[in-house]
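Undergrad: Structure provided below as structure tokens; questions to follow.
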Amino acid sequence: MNNFDLEEIINYKLASHQYDDIVPNGLQIEGRSVVKKIITGVTACQDLLEKAVYYNADAIIVHHGYFWKNETRYIHNMQKKRLKTILTNNINLYSWHLPLDIHTELGNNAQIAKKLNISVKGNVLPYVFWGIMKNKITGDTLVNQIKNQFKITPIHLYENAPLYINRIAWCSGRGQSFIKQAYKFNIHAFLTGEISEETMHISKELGIHFFSLGHHITEKDGIKSLGKWLQKKYFLDVQFIDINNPA
């Protein structure tokens with residue numbers, strides 16, 4: 001497949017034009033014109049780039065790419081090494097950020113809902129979903145579901161929280177600051193990737209459960225789903241590489 005055709009196909013699927021993002025979505029660095037072998041991952045870190053070189057990939061597709069708003073424009077040290085690896089090996093680098101959080105079929109938040117049996121009812125914000133648990137459950141039961149589905153033990157704050165969870169809101173990645181907006185939707189719990197110092201006090205004083213799974217773990221499944229979609233629909237050779245990250 002032509003590298004620019006691949007960009008157009010994914011942009012259309014994810015409706016990228018709809019979102020005002022803090023990073024460019026699409027083909028960030030142009031490489032070879034024909035794409036057959038694709039490596040996917042969460043972040044375009046050096047370890048992922050070296051895996052792409054090892055597997056002789058034509059393209060890398062990630063959720064966290066380069067050229068973030070307010071990021072330094074100097075290319076030194078780490079940035080120099082990353083760009084040199086991509087350019088000297090003629091690899092295409094693609095990245096989709098908010099579109100891959102928000103998409104109702106392939107996105108990170110949609111995948112969280114599938115794994116935890118949540119029926120999506122709407123949005124607190126475009127990238128913050130809310131919904132109803134298929135079965136009303138306790139906080140401990142949800143912790144066990146998270147352990148089974150994500151293979152991690154979440155941070156669970158529950159002081160002053162109700163015994164049962166029915167209404168829940170969630171946001172993949174760095175979503176802890178949206179807990180107060182989500183509370184207005186009469187939720188019993190809020191789930192996200194990251195946690196901040198003030199989160200404990202906020203969840204306690206609002207009287208809701210809070211679950212932190214880790215930024216990386218909540219943003220693996222969107223890029224994996226995109227890769228599976230490309231494999232099934234366009235018969236491309238796509239391989240997801242999980243670069244371990246507990247944060």
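Along the chain as shown, residues are numbered 1 onward.
Glycine is treated like the rest: Cβ placed from N, Cα and C.
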Undergrad: Which single residue out of HIS63, HIS156, HIS188 does TrEMBL record at the divalent metal cation 1 site shared with ASP101, GLU219?
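TA: So the divalent metal cation 1 site in TrEMBL includes ASP101, GLU219 plus, from the candidates HIS63, HIS156, HIS188, HIS63.
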Undergrad: Counting Cβ neighbours within 10 Å across all chains shown, tell me which of the binding-site residues ASP101, GLU219 comes out on top.
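TA: Buried the deepest by this measure is GLU219.
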Undergrad: Would you count the other CB atoms within 10 A of the CB of HIS63 (divalent metal cation 1 binding site), including those on all shown protein chains?
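TA: That number is 26.
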Undergrad: Might you list, by sequence position, any residue in that chain lying six or more from HIS64 (divalent metal cation 2 binding site) with a Cβ less than 8 Å away from its Cβ?
TA: VAL42, THR43, ALA44, SER95, HIS97, GLU219
Undergrad: Any idea what DSSP makes of HIS215 (divalent metal cation 2 binding site), helix, strand or coil?
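TA: Where HIS215 (divalent metal cation 2 binding site) sits, the three-state DSSP reduction gives helix.
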